[in-house]
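*Asks:* After the structure tokens below, expect a handful of questions from me.
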């Protein structure tokens, strides 16, 4: 069986080159061809000797997930549904802005954490994605977007930021996610800054500590509630890793973080977590931690049981936080007409936790 070179970071490619009798510098050449150029055909790698190209073709492949569908929203947001085999699909979303282009990447087929307000969590969990399936999302998107991208003010390439906020909990797929992060940061591959790569977690504390040691990038924490009683309901992993312990892990993470703050994400649910009293409680909870609050309007999906907070409720909540001196933003809703907004990604998941096939709408249109 051929080896998929998308599964390897620089260290892995160096080891592979040694196994086929090649010197370490060949790994750097391969990294540049595969990731910087987006080349999947060994014959097109013109600075590699013919003999090496033949060895590569005999032993290896460059095989990202296959694109099932590609939809663009009215606001320019683009969503790909990618096949990862056995009837499963994952979703990747590109959000263009004037000064940056952000790619939202999935880390699992489904998610086992079952957050109450998240479409992905409702579909159950099938498996972790491989490195090739994680980095392959960036590979595909970079290739597709580069074909039509023109230099814009403030950026010279289509993808400037990565957020691991797609399907799945990244920190329960730790090794594959970290290897993918290494590729994102590698100057011979994508060359992104640690400050521009963000991992979002629901609060897997041991893995947060490991990430701080192994590959500290920007961190976002899905908080969504100002106390344990409510967070236990909305984010069930809180029963294992309660808020006070989570905040302690955040403080430890800041010792190595590329940014001097943690982002706390807070989805706004009408009548659930959006009162002024809850805003004040949230202030008391996080005021001693260098942080930014990101308020996220809830994005509806069928049978969610939740409603989006009104604009007035969001404004009142934000004002309480800002008056207390907390940096607070309200996330713009992007791509909701193609189900690409936060909390809507669901792909196509064969749930192995409940053994029930779930076919989710791929996209509108």
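Using the three backbone atoms N, Cα and C, a Cβ is placed for every residue, glycine included.
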*Asks:* If I go by Swiss-Prot, which of 193, 200, 256, 275 binds S-adenosyl-L-methionine at the same site as 168, 169, 222, 223, 224, 299?
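*Replies:* Only hit among 193, 200, 256, 275 in Swiss-Prot's S-adenosyl-L-methionine site, alongside 168, 169, 222, 223, 224, 299: 200.
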*Asks:* Could you give the Cα-Cα distance between residue 118 ([4Fe-4S] cluster binding site) and residue 299 (S-adenosyl-L-methionine binding site), in whole Å?
*Replies:* 9
*Asks:* Measure from the Cα of residue 168 (S-adenosyl-L-methionine binding site) to the Cα of every one of the recorded positions 91, 104, 111, 115, then give the nearest.
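*Replies:* Result: the closest of the recorded positions to residue 168 (S-adenosyl-L-methionine binding site) is 111.
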*Asks:* Using Cα-Cα distances with a 10 Å cut-off, which of the recorded positions 91, 104, 111 are near residue 222 (S-adenosyl-L-methionine binding site)?
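*Replies:* For residue 222 (S-adenosyl-L-methionine binding site), the recorded positions whose Cα atoms are within 10 Å come to none.
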*Asks:* Expressed to the nearest Å, what is the distance separating residue 224 (S-adenosyl-L-methionine binding site) and residue 115 ([4Fe-4S] cluster binding site) at their Cα atoms?
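*Replies:* Distance between the two Cα atoms comes out at 10 Å.
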*Asks:* Within 10 Å of the Cβ of residue 115 ([4Fe-4S] cluster binding site), how many other Cβ atoms can you find? Include all protein chains, please.
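*Replies:* Summing over all protein chains shown, residue 115 ([4Fe-4S] cluster binding site) has 23 other Cβ atoms within 10 Å.
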*Asks:* What whole-number Å value do you get for the CA-CA distance of residue 200 (S-adenosyl-L-methionine binding site) and residue 111 ([4Fe-4S] cluster binding site)?
*Replies:* 13
